[in-house]
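Colleague: Take a look at what TrEMBL says about it:
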type	residues	note
DNA_BIND	A:26-65	DNA-binding region
DOMAIN	A:89-190	domain 'CoA-binding'
BINDING	A:Gly100, A:Val101, A:Gly102, A:Asn103, A:Leu104, A:Gly105	NAD(+) binding site
REGION	A:237-262	region 'Disordered'
COMPBIAS	A:252-262	compositional bias 'Acidic residues'
2 protein chains.
Amino acid sequence: MTTGRPSRPSSRGRGIPEATVARLPLYLRALTALSERGVPTVSSEELAAAAGVNSAKLRKDLSYLGSYGTRGVGYDVEYLVYQISRELGLTQDWPVVIIGVGNLGHALANYGGFASRGFRVVALLDADPHRIGERVAGLHIRHVNELEDVVAEHNVSIGVIATPASAAQDVCDRLVGAGVTSILNFAPCVLSVPEGVNVRKVDLSIELQILAFHEQRKAGRAASLAPVATVGQNLARPLDGAPDLSRRTVPDEDDLPEAMRA
Amino acid sequence: MTTGRPSRPSSRGRGIPEATVARLPLYLRALTALSERGVPTVSSEELAAAAGVNSAKLRKDLSYLGSYGTRGVGYDVEYLVYQISRELGLTQDWPVVIIGVGNLGHALANYGGFASRGFRVVALLDADPHRIGERVAGLHIRHVNELEDVVAEHNVSIGVIATPASAAQDVCDRLVGAGVTSILNFAPCVLSVPEGVNVRKVDLSIELQILAFHEQRKAGRAASLAPVATVGQNLARPLDGAPDLSRRTVPDEDDLPEAMRA
DNA sequence: TAGATTGTTAATCGATTAACAATC
DNA sequence: TAGATTGTTAATCGATTAACAATC
């Protein structure tokens with residue numbers, strides 16, 4: 001805490017770019033795999049390939065943490081695993097609570113990738129009375145009313161929302177009220193939180209939509225004659241701010257509109 | 001595909017920035033919600049708020065699609081829903097196959113957000129013989145050996161991998177071999193695919209790790225005395241490949257070393 | 001017309017990348 | 001020393017944002 005070396009662009013220096021932070025877990029995973037295979041040292045080129053990025057980016061990213069490599073040699077795998085873990089805060093234990101134990105909540109509760117990185121699921125909460133007591137992943141499902149108790153009891157600072165969209169904001173508010181300052185949201189909706197609370201969102205269908213966008217392009221490129229978008233380009237018509245005809249009437253698209261999840 | 005109007009910076013014009021493409025689904029969701037509430041028109045300010053972005057960004061994003069708003073008025077909700085849907089390729093039907101029907105595969109198969117956007121799960125495949133025939137989300141689980149048949153039969157161009165990491169690359173290869181050119185990967189590993197194949201990855205634990213990073217910073221800021229990181233700073237050891245002194249050995253500097261914030 | 005709001009410009013900011021001097 | 005590879009620089013690229021002229 002006394003260190004004042006200005007030569008190190010690390011954490012204090014300026015702060016690690018978000019894009020870099022988002023890639024550290026990738027490097028960590030690749031390094032863990034190498035570590036398990038007993039590989040002692042790795043070059044930026046090799047590690048970059050394993051993580052799916054280019055080596056310049058990798059070296060730049062790592063340089064934000066410090067100078068942990070050796071010129072002419074590479075990086076010591078174990079040492080780098082530790083440094084990245086530490087930077088990410090994974091050398092400590094993170095009690096996590098999951099709210100919403102539907103299919104997704106189940107999957108999350110059983111997901112091995114959490115435990116192995118210091119995330120410990122301390123409670124599963126659900127609003128459905130019929131589910132209370134049910135055993136999932138070694139835990140008994142508790143009622144969401146116990147949220148505040150659970151958070152206090154286990155000092156939870158990370159909450160995972162896996163409820164339907166309709167319940168998400170309420171649950172979010174309660175988490176925040178109970179003192180949780182990091183939220184991972186799987187519900188397909190935007191959460192509003194006060195300053196100082198961090199929210200990250202995982203949206204299963206958004207990724208699919210992005211793929212569809214590119215897939216469509218490919219199709220269009222391959223065969224401009226293809227039967228692509230046939231559903232209503234005839235509807236494509238400017239707006240008006242006045243009478244409005246040619247609107248999307250498309251039946252098949254509005255039917256299970258936000259059929260949300262469960 | 002014959003259009004040559006140079007005035008439109010849309011699809012053909014130059015290509016929509018990736019960052020914009022990734023936000024279109026957000027706008028679409030917000031618009032769909034407005035549409036369901038019967039709201040006829042929305043301003044960029046309102047829509048931006050609903051989607052959780054700022055209005056300048058929203059307007060810039062929409063401008064890549066065309067000029068679909070009306071100055072002084074705003075955007076016609078239905079019309080914009082259609083335009084974005086079309087741009088994303090959601091006005092057509094996308095047959096999807098899910099490989100790996102564990103907890104996550106289950107959740108995905110039952111996820112309403114897919115069907116409502118034109119994604120139709122046409123088959124669930126698994127390698128576990130005991131699971132074949134089981135009924136999930138209205139489909140019978142089939143053996144992964146049928147992958148090629150399923151792809152051909154339903155003209156699948158999007159595959160969703162929800163297998164363990166160890167099986168993911170194999171499944172990926174088979175998908176690609178069968179002609180699938182878009183893959184959504186939930187397995188925690190990097191997939192290698194030939195040019196022309198699009199892969200998107202959803203990693204449940206990476207998001208949590210990113211949250212932990214920020215949470216750690218907060219904790220450090222709040223209480224520099226906190227009992228953070230206790231798990232392994234003894235591993236913090238310089239690499240070798242050569243004697244190496246001046247490494248960061250600092251003990252107390254290593255435990256809540258960067259917990260300081262910046 | 002007056003008020004409102006878009007679409008676009010231009011400035012700024014941040015991220016990526018190639019290249020190479022430093023150095024093991 | 002010679003070869004290898006890092007850490008860093010600087011150029012480039014892309015994304016964000018405020019501001020405002022265009023225009024409904």
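Positions of Cβ are set from backbone N, Cα and C atoms, glycine also.
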Colleague: With DSSP helix as H/G/I and strand as E/B, how many residues of the domain 'CoA-binding' (A:89-190) fall in helix, strand and coil?
Modeller: 40 helix, 29 strand, 33 coil
Colleague: So which of the binding-site residues A:Gly100, A:Val101, A:Asn103, A:Leu104 end up next to chain B, with Cβ to Cβ under 8 Å?
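Modeller: The binding-site residues close to chain B are A:Asn103, A:Leu104.
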Colleague: Mind giving me a neighbour count for A:Gly105 (NAD(+) binding site)? Other Cβ atoms within 10 Å of its Cβ, every protein chain shown.
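Modeller: A:Gly105 (NAD(+) binding site) is surrounded by 27 other Cβ atoms within 10 Å.
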Colleague: Mind giving me a neighbour count for A:Asn103 (NAD(+) binding site)? Other Cβ atoms within 10 Å of its Cβ, every protein chain shown.
Modeller: 22
Colleague: Looking only at Cβ atoms, how many others are within 10 Å of the one on A:Leu104 (NAD(+) binding site)?
Modeller: 27
Colleague: Per-residue pLDDT averaged over the domain 'CoA-binding' (A:89-190) comes to what?
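Modeller: A mean pLDDT of 96 is what the predicted model shows over the domain 'CoA-binding' (A:89-190).
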